[in-house]
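Right, one structure below, let's go through it.
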Amino acid sequence: MGKKSKNSRKKVQRKSRQQRRKKNIDDDEEFSQTIEACNTCTDVHILRSISEMPSWCCTHNRIIFAGYRPITLSSWQTIRSLFLIHNETGNIWTHMGGAIMFYFLFQHVCRNPPDTRSMSRVDFFYLCVFFFGVFVCLFQSTLYHLFSSHSLKLNKLFAKLDYCGITILIGCSFIPWIHYGFYNSPLLQIWYISFTIICTIICVMFCIYDPFCNPRYHHYRTLMFMAHGFLVFVPAIHWISREMNNDRSLLSLDHRAHLLIFIQGITFLTGSLIYIFKLPESIYPNITIFSLWFNSHQLFHILVIFGLVIYYHSLILIMKMRLNNPNCFVN
Ligand SMILES: [Zn+2]
């Protein structure tokens, strides 16, 4: 018995030693690839093909064959690339443009709150939670796409922040809905908001956990985001089912709410399918324009912004309906 357990302990130690050695080899390979790339590329204007880039630089889409910025390890060169045409230009500007647009929208909302008569500070706070999620996601995504080819270290760091941004946006989008949906049920409000926050914190912890950011686990990450979206959607299902079973429901006051929720669902679903199946470049891999423009990641970014605008409108609509009818659907 003792001999057996000693043997199995030895086996485990040998396995972990092998894994450590393999990881070191992987890191060394990546590092030497970076150095190799840096030795040959110093000018950010000279774009590269996928075969000239280290593998870590092209993880999110290997059907994009050209238009890569060289790895310069220079922050100045990287920031300069903001105003150049390469395969991250569309990705950077779609989310940076979205962040600027939402900034002006937030300024407008602060100056002209949607419902000054009945809106309390708490109601306004929940609207700000949505804007916070939007800013964090769009800003961190912009940083990732901008610095993705700076160096392996910054690529990894900003990839983690990008994943965290998606998770924070999912959480922050649902919290205001819970507040306005369960306006007259404080216990359900507290329960569901706590549930959403806990789910978001767990997902953020996964996002910053080093092994989880490995490109090998790309599918697990996508699954995690989908599971997170589904989990925090549970309160929404509860709310909609309560609404449907009630004659004095909030949604029945304005049928535009149904339409907005439907369009929003279609937008996010279309965006996810385009992202997962890499459309259209996976169907037309020989069309070179997709390396720079109109590829799946850019379309996904545009649909995210479009979905967020619709989400904002549905949130304002539901907020106005709730504030004008605070007693609608009292349990
Ligand atoms: Zn992106």
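Heads up, the Cβ atoms here are built off N, Cα and C, so glycines get one too.
Caution: TrEMBL annotation is automatic and unverified by curators.
Just one of HIS145, HIS150, HIS179 is listed by TrEMBL for the same Zn(2+) site as HIS297, HIS301, and that one is HIS145. Other residues of the chain with a Cβ within 8 Å of the Cβ centroid of HIS145, HIS297, HIS301, the Zn(2+) site, are GLU88, GLY90, ASN91, ILE92, THR94, HIS95, SER141, GLN298, PHE300. Of the listed binding-site residues HIS145, HIS297, HIS301, the Cβ environment within 10 Å is emptiest of other Cβ atoms at HIS297. Outside the transmembrane segment (260-278) by six or more residues, the chain places 61, 63, 222, 226, 295-297, 299-300, 303-304, 306-307, 310-311, 313-314, 317 with a CB less than 8 A from a CB of the stretch.
Among the stretches 124-147, 190-209, 299-319, the one making the largest number of Cβ pairs under 8 Å with the transmembrane segment (221-240) is 190-209.
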